[in-house]
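First the structure, in the form of structure tokens, and then the observations on it.
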Amino acid sequence: MINYLKNNPDNVSSWFFTHLWMSVLPVVIGLIIALPIGWVASRYRWTYPPITNLAGLLYTIPSLALFILMPSILGTKILSPVNMVVALTVYSLALLVRVVADGLNSVAPDIRAAATAMGFSGIGRFLRVDLPIAVPVITAGLRVATVSNVSLVSVGALIGVPQLGSLFTEGFSRYIPGITLLGILLCLALALVLDALIVLGSRVLTPWQRAVAKR
Amino acid sequence: MIKFESVVKKYPDGTVAVNGLDLVAPSGKITVFVGPSGCGKTTSLRMINRMIEPTSGTIWLDDQDTGKVDASTLRRGIGYVIQHAGLFPHRTIVDNVATVPLLLGRDKKKARSQAIELMERVGLPASFAKRYPAQLSGGQQQRVGVARALAADPPVMLMDEPFSAVDPVVRAELQDEFLRLQSELGKTIIFVTHDIDEAVKLGDQVAVLKVGGTLAQLASPATLLTDPVDDFVAGFVGRDRGYRALGFESGQLDPDTEQTVKLGDDAAAVGRAARDGWSLAVDDARRPLGWVRAAALAEGKQVTPELLHRGGTLAPVSGSLRGALDAALSSPAGRGVLIDDNGALVGTVTASEVVQRIESQLAGRRNGSDG
Ligand SMILES: Nc1ncnc2c1ncn2[C@@H]1O[C@H](COP(=O)(O)OP(=O)(O)OP(=O)(O)O)[C@@H](O)[C@H]1O
Ligand SMILES: [Mg+2]
């Protein structure tokens, strides 16, 4: 395992960074798209069931199938990383739409009414009241989406997009469990670091939550 | 002035929450909406700043038809205190208070320093400025809610059960401070409550609403207590109406001079001052401290704080006859203690003296109104 790392430092580090951005970018894009959709689902209550059901349905598509289908949907090359990014964005989106809607719904009716009574307009209320209060719920969802992406990205090794998952296929084909183990450890480390960063970001954004906890 | 003109609210599910409300809330006065749960108080209140749109009818703010102004602009000019305070949990107290000035685009620094002044005005220490709402008690949160509504200095304030979520002692405190503040500010206020005692204490006029959203009676608190218009209002106003109405009855009493003692006086002095076996102890500023029973003081002993009976309430001599009667009834000596504005002793009255005064006053009015 250590030997492999010594002999192929460039390979492994480039795979690590590919894995990193392939895990993170879809979550970012997914969140940006999920915010308006989640807002609609929470603002117009009747849209909540169809929107969240559709999102749930998307989530049940097997990942390998989606990766393989992407080129024919998007017209991209089979080996293009775009396929994976788009497919993972679909998963992140599916997960985050519900999270955003639930987060916005978690704002107490009293607080919404107060915001309206103070004269906040629709978008102002969303940005300055509802969204900040929904941050803890949304970041909890981001953690799940990010960590699950780290593991989903590695499946891409099967369709030949090189990243840490390539260590699994290589370890498997060369009968060297150490290489597979290295892949697992690196994936784990990546997931833990990303998770910790999200937790940290959430804490910075919500000083009021700690005030509550200290009470 | 706020004027309701045949205002109706029918919710989409068919519930008629407000049914043909006609009412004027005069400028600079407190109008209280009171009534049982579900009678349409909150709905009526929220139609004023258009958080709820009326189905028909018009609400006027002075000579402005509220239906014809932009809703957000309208709301920024109307202070709103919501039940349970409804503070923004993610904002510090000072930013909660400064919400509307900041929305109006005022200078941040100035808005904050004004917010801190306002906090002190409603009885919150400036040191709370950087706290979050969850770090305050319920009563403190209510104060923040009031300060937030006052921040842009709106001429009109709408208050929906602002003091309902706190214990009776804190509530009474908040009510007293609210009245003091209003005497300085003179806002046009509509105040919603389901507590008739609060309505009677705070209102310049009280509107009693019935389930179904109709106005049962609009009257001054005293009229409401002495002359309810129907059985519903009488029942809602409740027991002890006659006694409670005395709270609005002031009358000139003729207090008896009271010989007093001080802490440290001996048994002989207490004996000399006592009437019917009791004498009143006062401090150096002649503020009453409590009653001493002459018989409880052995020869040669002195008056100590432990010997004082403090059960008697104190009534301001310029206050209501209800206060004076209560002072007399609660006094261990049977004599009610009247005080002046500085809290110093004026004299004492007995219950029968107060009752005589009440009777002659009411009789005078009966004969006057009959004739
Ligand atoms: N959004 C709504 N849709 C349908 N009916 C409603 C709605 N809001 C209120 N109602 C109904 O309208 C009536 C009046 O409600 P409102 O909240 O104004 O009462 P309230 O006098 O403030 O009562 P409470 O003292 O309990 O706060 C009630 O019967 C209530 O159920
Ligand atoms: Mg209500």
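Each Cβ is built from the backbone N, Cα and C atoms, and glycine gets one as well.
Bear in mind that TrEMBL entries carry predicted annotations, made automatically and left uncurated.
Positions annotated as domain 'ABC transmembrane type-1' by TrEMBL: A:16-198.
Annotation source TrEMBL lists transmembrane segment at A:20-42 (among others). Under 8 Å from some Cβ of the transmembrane segment (A:20-42) lie the Cβ atoms of residues 48, 51-52, 81, 84-86, 88-93, 95-105, 126, 131, 138, 142, 145-146, 149-150, 153, 156, 161, 163, 190, 194, all in the same chain and six or more residues away from its ends.
For A:54-74 (among others), the entry in TrEMBL reads transmembrane segment.
Summarising the annotation, TrEMBL assigns transmembrane segment to A:80-101 (among others). Sequence-distant neighbours of the transmembrane segment (A:80-101) (same chain, 6+ residues past either end, Cβ-Cβ under 8 Å): 18, 22-23, 25-27, 29-31, 33-35, 37-39, 41-42, 48, 51-52, 55-56, 58-59, 61, 63, 66-67, 70-71, 74, 134, 137-138, 140-142, 144-145, 148-149, 152-153, 156, 159, 161.
Positions annotated as transmembrane segment by TrEMBL: A:133-159 (among others).
The list of residues near the transmembrane segment (A:179-200) in space but at least 6 beyond its ends in sequence, with Cβ under 8 angstroms from a Cβ of it, reads 1, 4-5, 12, 16, 19-20, 23-24, 139, 142-143, 146-147, 150-151, 154, 164-168, 170-172. The annotation transmembrane segment is assigned in TrEMBL to A:179-200 (among others).
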Legend entry - Distal contacts, the transmembrane segment (A:54-74) - CB-CB under 8 A, six or more residues away: 80, 82-84, 86-87, 90-91, 93-95, 97-98, 152, 155-156, 158-159
